[in-house]
Amino acid sequence: MSDRIGLFAGSFDPVTNGHVDIIRRASGLFDKLYVGLFYNKDKTGLFEPARRQIMLKEALGDLKNVEVVAARDSLAVDIARQHQVTHLVRGLRNAQDLEYEANLAFFNSQLAKEIETVFLLTALDYRYFSSSRIRELIHFGADISPYVPQGVVKEVGKKCENKQKI
C-alpha cells in the first residue's frame, strides 16, 4: 500500500490554535503531512511569508511527520502533485466554510482527479477562531494569547516594540 500524504494549505496570517489543532489531528491520519503556506490574493498580510513560515515551524516542531512548504504563485493542486500528495486537508468551522470549501474541492477535483479532499471539523474550542479576527484584535491591542501559539504572541510583541504598522 502506498503512503498517505496530505496537504493542509492556508495563508496562516497568523497561524491560530485552530490551525494547529487541525494540523495535529491530520498528522495522525497521514504518513506525511505538508502544511502549505500560500499567498492569498484576497487577503492583506500582517506578517511576511518568511515570518509566517518560522511561526508555523515553531508551533509544529514536535510533529515529526509534518513539513512546512512555502508556495507563493501556485495552486494547491500543483504543490500537491510536486509532493505526491494523495489528499488535500481542509478544516470546517461552520456551514459558510462548508459552502466555500465544497466549491474549492469541486475545482480541485476537476484540476487533479487523483487527489481527494478530506474535511476535518474544527474542534468546538476553536470554532470561532479566524486569522482575520485575530488581525483585528491585534490592530486594537487586545490580548491574543488565548487564540494563537506563543510564538505568534512574541512576534506581535516585537512588531509593537518596533512600532511597525499593525
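Including glycine, each Cβ sits where the backbone N, Cα and C put it.
The substrate binding site annotation in Swiss-Prot covers SER11, LYS43, ALA76, ARG90. In this structure, ALA76 (substrate binding site) is part of a helix by DSSP.
For SER11, PHE12, HIS19, GLY91, LEU92, ARG93, GLU101, TYR126, ARG127, TYR128, PHE129, SER130, SER131, SER132, the entry in Swiss-Prot reads ATP binding site, with the evidence type sequence analysis. With a 10 A radius on its CB, SER131 (ATP binding site) counts 23 other CB atoms from all the protein chains.
Taken from Swiss-Prot, the feature site 'Transition state stabilizer' applies to HIS19, supported by sequence analysis. Annotation for HIS19 (ATP binding site): same-chain Cβ neighbours under 8 Å, separated by at least 6 residues, are GLY10, PHE12, GLY91. According to its DSSP assignment, HIS19 (ATP binding site) is helical.
Across the residues annotated as binding ATP (SER11, PHE12, HIS19, GLY91, LEU92, ARG93, GLU101, TYR126, ARG127, TYR128, PHE129, SER130, SER131, SER132), the two Cα atoms farthest apart lie 18 Å from each other.
Fewest other C-beta atoms within 10 angstroms, among the binding-site residues ALA76, LEU92, are seen around LEU92. Sequence-distant neighbours of ARG127 (ATP binding site) (same chain, six or more apart, CB under 8 Å from its CB) are GLY18, ARG93, ASN94, listed in sequence order.
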